[in-house]
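Per TrEMBL, these features apply:
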ACT_SITE  Cys2  active site, for GATase activity
BINDING   Asp97  L-glutamine binding site
BINDING   Leu252, Ile284, Ser359, Gly360  ATP binding site
DOMAIN    2-192  domain 'Glutamine amidotransferase type-2'
SITE      Glu361  site 'Important for beta-aspartyl-AMP intermediate formation'
Amino acid sequence: MCGIWAVFGSDENVSVQCNAVHMITHRGPDAFRIENIHHFQNCCLGFHRLFILDDLRGMQPMRLYTYPHTYLIYNGEIYNHNALAKEFDMMLSTEVDGEPIIHLYQTHGAVAMAEQLDGVFAFCVLDTANRKVILGRDTFGVKPLFRFLTEEGFLAVCSEAKGLFGLSHSQNDEELQIESFPPGHVEVYDLDSKGRATLSESVCFNKAGQMPKYQLAIPVESYTNDVKENVAMLIEKAVEKRLMSERRVGCLLSGGLDSSLVTALVVKLSKKLGVTYPIQTFSIGMEGSPDLKAAKKVANYLGTEHHEILMTPEESLQAIDDTIRHLESYDVTTVRASVGMFLLSKYIQDNTDTVVILSGEGADEVAQGYIYFHKAPSAEAAHKESVRLMEDLHLYDVLRADKATAAWGLEIRVPFLDQQFTSYYLSIDPELRQPKGGIEKHLIRSSFADSGLLPSEILWRPKEAFSDGVSCVTKSWFEIIQDDCKEKISQNELDSAATVYPHNPPRTKEALYFRKLFEKHYPGKGYWIPYFWMPAWSQTNDPSARTLKHYKQ
């Protein structure tokens with residue numbers, strides 16, 4: 001987890017722009033560098049580092065003696081960096097996983113380079129020899145990236161949108177069109193003699209369900225005729241890849257299937273890899289939370305060093321404003337789910353030396369884990385909904401996971417969004433991927449049924465949304481927020497909300513409260529969220545699973 005920032009084509013002395021880079025200091029607490037490029041005086045690259053690999057030589061912007069005209073800043077992890085070095089006979093100068101980006105760009109070009117990367121990433125390459133800027137982002141947008149380009153050719157890039165405010169250019173912040181960089185894409189910009197940028201190429205190199213072009217960690221020839229064996233094998237390999245770290249690795253553990261399965265595999269594989277420290281697990285919830293009870297059962301079963309954090313309604317409500325500022329979102333279910341993760345991440349930073357954390361995000365989108373999938377009219381409709389959710393993950397659950405943890409200098413890793421696993425899983429007969437016998441994610445559960453990794457009652461525990469699972473059973477977290485908003489938002493304000501906010505008009509006091517906090521920090525940027533996340537095929541005005549008829553107490 002790092003923070004990248006860059007500007008190209010500044011009309012003023014580039015030093016005027018540099019204060020903005022400090023808006024993302026939280027993403028890289030270990031080191032900071034900002035570099036004005038020789039012969040490109042109106043261009044600047046900034047980097048906040050969270051050290052994960054190669055402490056000595058891993059600082060950015062990265063430049064190699066073999067390719068002195070190429071500068072790289074990136075946020076992410078390239079899991080196949082050693083395999084790439086071997087396959088393409090690279091003479092590496094560091095042990096940094098991102099170094100192959102420079103080699104591949106030089107030998108294969110921008111698009112083919114991105115196609116070879118097995119990992120999660122957001123990068124900016126400056127090629128001074130050819131006066132080009134290349135931007136790229138991983139398939140699901142696990143790593144965030146924002147940018148804007150003015151008519152005058154001023155290009156600015158940052159890991160978070162907040163780092164693009166307060167820059168000096170021809171437009172004011174409120175009218176500026178700051179956009180999330182599209183996942184699975186590479187963009188190439190040409191720079192003129194004054195460093196001003198023009199978009200010359202935009203290419204989608206990969207998307208949900210598409211088999212990656214790089215050399216797979218498990219060759220397709222190794223797949224068996226047993227779908228369940230393949231699913232279990234690919235999930236385990238996805239977790240194994242993500243244990244690559246020189247910092248301590250831990251797990252977020254809610255006690256649901258996804259996080260529990262990831263944790264069980266981390267414990268198993270860490271022993272195999274010779275990890276000497278105990279795996280730390282972290283859970284958060286209110287008094288009486290079903291998540292806390294289930295997580296403790298998993299932790300005891302696996303023998304982890306477990307940390308259980310109680311959150312009170314008061315501190316949770318107080319954290320909403322800061323959570324929204326970090327999230328850069330006002331989506332109702334995203335904000336609800338982020339508060340617990342935000343507070344839990346703060347605890348991890350303040351009380352432990354764990355820096356890399358694995359989590360279960362992505363499983364519900366890939367494997368039809370949301371409760372509303374029980375109501376899908378057909379297997380094909382469920383498949384299409386699953387793909388749609390995966391394509392928008394960077395705006396909702398993945399956004400939450402990254403920013404709620406990065407706020408406190410942690411790096412989150414999400415094995416269920418591994419490209420090889422997801423492309424295989426989406427190729428399975430759609431009917432096999434549907435809920436079965438009233439149980440969602442039945443295929444994944446049954447793939448591990450005989451593994452002994454988890455207690456049976458956890459492996460088959462019904463779905464509980466994170467924002468619901470942290471609640472006590474008697475009163476949900478969303479009800480606590482809604483009660484609080486009754487005092488903060490008047491009925492008159494709500495009645496006029498659609499006029500004030502025509503895009504995504506708030507229809508509840510809670511939604512309006514979130515929107516007002518968002519607009520306080522990011523005025524005029526409501527378009528960042530295209531729609532409110534809501535369950536499909538359901539008659540409900542609230543995204544909480546506890547409002548659905550299928551919800552199992």
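Placed from the backbone N, Cα and C atoms, the Cβ positions cover glycine too.
Rounded to the nearest whole angstrom, the C-alpha distance between Ile284 (ATP binding site) and the residue listed as 'active site, for GATase activity' is 25. Between the CA atoms of Gly360 (ATP binding site) and Asp97 (L-glutamine binding site) there is a gap of 23 Å. Compared over the binding-site residues Leu252, Gly360, the count of CB atoms lying within 10 A of a residue's CB peaks at Leu252. Ranking the recorded positions Asp97, Glu361 by how many other Cβ atoms lie within 10 angstroms of each Cβ puts Asp97 at the bottom. Taken together, the residues of the domain 'Glutamine amidotransferase type-2' (2-192) have an average pLDDT of 95. Nearest Cα neighbour of the residue listed as 'active site, for GATase activity' among the listed recorded positions (Asp97, Leu252, Ser359, Glu361): Asp97. A distance of 10 Å separates the Cα atom of Leu252 (ATP binding site) from that of Glu361 (site 'Important for beta-aspartyl-AMP intermediate formation').
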